[in-house]
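Report on the following structure.
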Amino acid sequence: MPLSQRFKPAGYTLASLAVSMGGFLNGYDTGSIGAVVTMPQFRAVVGEISPSMVGITVSVVMFAGAIPSSLAGPPADKYGRMPVVIVGAILFAIGALLQAAALSLAQFIAGRVLAGAGEGIFLGVLNVYICEIAPSSRRGTLASLPQLFSVMGICIGYFICYGTVRLESSYAWRTSFIIMAAISTGLAVACFFLPPSPRILILHGRRADAIHAIERLGIQQAEAEKDILAVRDEDLTFQHADFWSSLTTIFHRRYRSRTILALFVLGMVQLSGIDGILYYAPTLFARAGLPEQTAGFLASGLSSILICLVSIPAAMLADKWGRRTSIIIGGILLSGLMFLMGIMYAARAVHISGPGRWVVIVSIFLFAMSYSATWAFVGKIYASEIQPSHTRAASNSLAQGLGYFTNGLVALITPVLLAKSAFGAYFLFGGLTLGTLIALAVYMPETRGAPLETIEEVFTKPLRVHGVEKLRFRRSGKVRAGLWTEGVELAQRDVMPLRPVVPV
């Protein structure tokens, strides 16, 4: 075999890399917008803006993407994953150009609304596509690529702004949006040449096309025949589903618990406050004692570099670490760091000089790194893999839409909270993170390495941690959401196995 063939990446790897440019766009906007709105060149064009208007300007992308993202699943089922990504990428490109050409704050916000709608559309589908084309043993690593590209985009976005801030013209901030428009156009073009998801082709009864797509993707024949090409009863009923039935199906009793879990994961991980850290890093560093704009940009850039450094091994090890392990370790670190920063500000220990500011600055670094190594990856992977093929896109897109909304909420309220009470913001996000950790530690089963077609079985078994079953409650009669039934069964090792009842 020629050397070039021996080291040629599989088709599913190349396709995953290509669509992950959508994640890069998301990160690039996150890394640049916080710096853009603080540039004097930007305010010379749009005028001075209040903290609340800064929050609106930054967060409008997420709010604009929430509804389109929520509704992107049924079209992705009907027309395929790639056509939906193409539409989203084109809308994002148009929105980026509007921002680049803006002569007023209203025009700039209009561009962000359009870009947010496009971003919401393609981000709701990217991870679904990758999960459906990836082998089970590599699904975690490949589904981590959009998030890895996102942190790379954050890093590059910071440093582009750090470099262009010295320009005296408005190109100091317009340059970032010109780059985003070019990249999103490239994403749209690339999607025309990528193989469709073989699983969605099977759902549409196009077996021959699915086999051809499997060959192009380089998926092993044994796995394809065992999992992808196997037709199930629910796959046949899918072919008659319309737009609204696709959305309502995910709340049927069989799928409801997993839909709620996906909504909780993608909604609550954003309420950890990570986007407040990423969007307003220059502001946070300035409040901690780095008042100069260039110092704030440099500190933000260093943070983004550290995020990249921890994200690379985290992505590579995504199929080695358990999903639950990442959630629990990440939750402990994130809540602890948020509470630490809140305590420092509440005790008035943060000053322009002294050790207190360095505790906060280092904690910001550690928080961003901890999130990027754990929750950033596992949330998106988990929500994309826990549903069967005919409900996966609708469920994940709806969860992505909720994540957009909570993301936007964090970006909207962070500058207001910081202006009124720095320690209040940290305590709020720390408390939400701790609550999320507890809920997921109780309700979240492990899915690492399981084929997509058999993951449903994971949700019918008792929850296990380190080989010991958790306490498990039996259903007795009707059970309502949030309630527990009585009657406890004994389990292994004389431990009372306890399993939370799934709401019905």
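Cβ atoms here come from the backbone N, Cα and C positions, even for glycine.
Automatic, uncurated: that is what TrEMBL annotation is.
Feature annotation from TrEMBL assigns domain 'Major facilitator superfamily (MFS) profile' to 15-448. The transmembrane segment annotation in TrEMBL covers 12-29, 49-72, 84-103, 109-130, 142-165, 171-194, 260-282, 294-315, 327-346, 358-378, 398-418, 424-443.
Between the transmembrane segment (12-29) and the transmembrane segment (398-418), the number of CB pairs under 8 angstroms, six or more residues apart, is fewer than three, so the stretches are not in contact.
If you look at the transmembrane segment (171-194), the same-chain residues 6 or more away from its ends with a CB under 8 A from one of its CBs are 15, 18-19, 21-22, 24-25, 28-29, 32, 36, 39, 41-42, 82, 85-86, 89-90, 92-93, 96-97, 99-101, 111, 115, 118, 122, 157, 160-161, 164-165. Contact count against the transmembrane segment (109-130) (Cβ pairs under 8 Å) is highest for 398-418, out of 327-346, 398-418, 424-443. Residues belonging to the domain 'Major facilitator superfamily (MFS) profile' (15-448) score a mean pLDDT of 85 in the model. Within the chain, the transmembrane segment (398-418) has long-range Cβ neighbours (under 8 A, six or more residues past its boundaries) at 51-52, 54-56, 58-63, 65-73, 116, 120, 123-124, 247, 250, 259, 262-263, 265-271, 273-276, 279-280, 283-284, 287, 379, 383, 424-425, 428-429. Counting same-chain residues at least six beyond the ends of the transmembrane segment (49-72), those with a Cβ under 8 angstroms from any Cβ of the stretch are 29, 33-34, 37, 43, 84, 88, 105, 108-109, 112-121, 123-125, 247, 275, 279-280, 393, 397-398, 400-402, 404-405, 407-416, 418-419.
Of the Cβ pairs linking the transmembrane segment (142-165) with the transmembrane segment (424-443) and spaced 6 or more residues apart, fewer than 3 are under 8 Å, so the two regions do not touch. Scored by C-beta pairs under 8 angstroms, the transmembrane segment (424-443) has its highest count with 327-346, from the stretches 84-103, 327-346, 358-378. Note on the transmembrane segment (358-378): residues 140, 144, 147, 150-151, 269, 272, 274, 277-278, 281, 284-285, 288-290, 299, 302-303, 306-307, 310-311, 313-315, 318, 323, 326-327, 329-331, 333-334, 337-338, 340-341, 344-345, 349-350 of its chain, located 6 or more positions outside it, place their CB under 8 angstroms from a CB of the stretch.
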